[in-house]
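**Student:** One structure coming up, written as structure tokens, with questions to follow.
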Amino acid sequence: MIHSQMEDAGYQIRQQVLNPNQRQQLEDNRRIKEQMEQLQKENASPTRLYLRKMKVQADVNLLDHHDSFYHTTKSLLVLFQIMGVMPIVRSPPGVNMPRTTFNWGSRAFIWAYLIYAIETVYVVLVAKERINKFISNSDKRFGEVIYNVIFFSIMVPHFLLPTASWRNGAEVAKFKNMWTDYQYKYLVVTGKPIVFPKLYPITWALCVVSWGVSFAVIMSQYYLQPDFQLWHTFAYYHIIAMLNGFCSLWFVNCTAFGEASKAFAAELSNIFATDRPADKLTEYRHLWVDLSHMMQQLGKAYSNMYGIYCLVIFFTTIIATYGALSEIIEHGATYKEVGLFVIVFYCMSLLFIICNEAHHASKRVGLNFQERLLNVNLTAVDKATQKEVEMFLVAIDKNPPTMNLDGYANINRGLITSNVSFMATYLVVLMQFRLTLLRQSAKKALIASLTTNLTNIAAAKTNPQ
């Protein structure tokens, strides 16, 4: 207590007597001395002062114990394993290896091969049935072609699953391990664990909702579409459930980023109330960079899947909207068009959830931290802390926490507006094409009618009786 008071008094005297350059030199010397003493205690190399230690060495049991993210979201991982969507596995307790692994020959992957093969056989049978029915149908109007394309487009994610999802399994395992390491680093730096109290019930609810929405969407098509047979529905349940599952996964990860950044921001505010928080601020800056890198890794790990996901949503929404509008113009509104609007609403809801959650997560991790640091009164802190605040702001600027699909697209609210803009453009073109066909058909019908009437009139004149 007395020693601390003497240090404070000495600090105040130096602030009054020495000029700014002398105070800065004295502060730098003090920090170097403290760092060298710390290196002697740890018997470490001086390079540790300049190079950050990227990997945390910890007992695997400790990593498992403090991996709150895995424990609260385990249900979704198990669901993906059962569905064969993402066969990554958790390492057994006590085994000194990465906590989440990906292996093409694992038991989870063998199960994925089996379930995917069974599903593929059934999906191909339904696709073949729809193709044969369309070929044998005498109605070959452009609208009927578009109508059949809609349900083929929904099948696309199933056939692209090995390329879009399985191929990135190693990156997904890396992302999961980054979460595991980050939680332990956070505990070491702050002294408090990260907890996700809301994620456990949310994840379980989303597992149920994913399949519930799948049944609701497909059964609505069965009742609203006249040629949608009951046995066809079983080819679509797992596909829609898979799309819902990936949407749920995105929601869970974005929510976790939001919860982690909220706890982190509270700890960041607390350290400014301590004396000379520069050293602690350095560790917090490293933690923030790890959090930003995790957000970037999320987009990289699932880039193929969510890229195809967005394309399927974009294509299906355009075709379904066009099909519904063209049928309404030509024949009036029926239950068939209601079914198509259900598909449009479903696809746009998925797109909105993904983009909106990514926007909120990026804002919480990036903008909120910038605002907190910019609100720091730099005149009330020492020079070292001022430098750390500046470096923290530079780190946020150079490592923006964006959800990027491996360079293809940024997932944010801007993606919604750009998609809606493109959809409107293509819909206008398609509707112009459709109206041109209607005008040509009406013109042909009018010419045929006039020809018939003229023929009848000429026949009546020839045979007056």
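Numbers here mean position along the shown chain, with the first residue as 1.
Backbone N, Cα and C atoms are what each Cβ position is placed from, and that goes for glycine too.
For 69-88, 108-125, 145-166, 202-222, 234-252, 306-325, 337-354, 415-437, the entry in TrEMBL reads transmembrane segment.
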**Student:** State the non-local partners of the transmembrane segment (108-125) in its own chain: residues 6+ outside its ends, Cβ under 8 Å from one of its Cβ atoms.
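**Tutor:** Residues 81, 83-85, 87-89, 155, 158-159, 161-162, 166, 234-235, 238-239.
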**Student:** Find the member of 69-88, 145-166, 202-222, 337-354 that has more C-beta pairs under 8 Å to the transmembrane segment (306-325) than any other listed stretch.
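**Tutor:** Against the transmembrane segment (306-325), the leading stretch is 337-354.
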**Student:** With the transmembrane segment (234-252) as the reference, which stretch in 69-88, 337-354, 415-437 has the largest tally of C-beta pairs below 8 Å?
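**Tutor:** By the under-8 Å Cβ criterion, the transmembrane segment (234-252) pairs most with 69-88.
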**Student:** Quick one: find which recorded stretch in 69-88, 202-222, 337-354 has the most Cβ pairs under 8 Å with the transmembrane segment (415-437).
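**Tutor:** If we count Cβ pairs closer than 8 Å to the transmembrane segment (415-437), 337-354 scores highest.
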**Student:** With the transmembrane segment (337-354) as the reference, find which of 69-88, 145-166, 202-222 contributes the most Cβ pairs under 8 Å.
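**Tutor:** Stretch with maximum Cβ contacts: 202-222.
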**Student:** Mind checking which residues of the chain, 6+ beyond the ends of the transmembrane segment (145-166), have their Cβ under 8 Å from one of its Cβ atoms?
**Tutor:** 85-87, 109, 112, 116, 119-120, 123, 127, 130, 134, 235-236, 238-240, 242-243, 302, 304-305, 307-309, 312, 315-316, 319-320, 322-323, 326, 340, 343
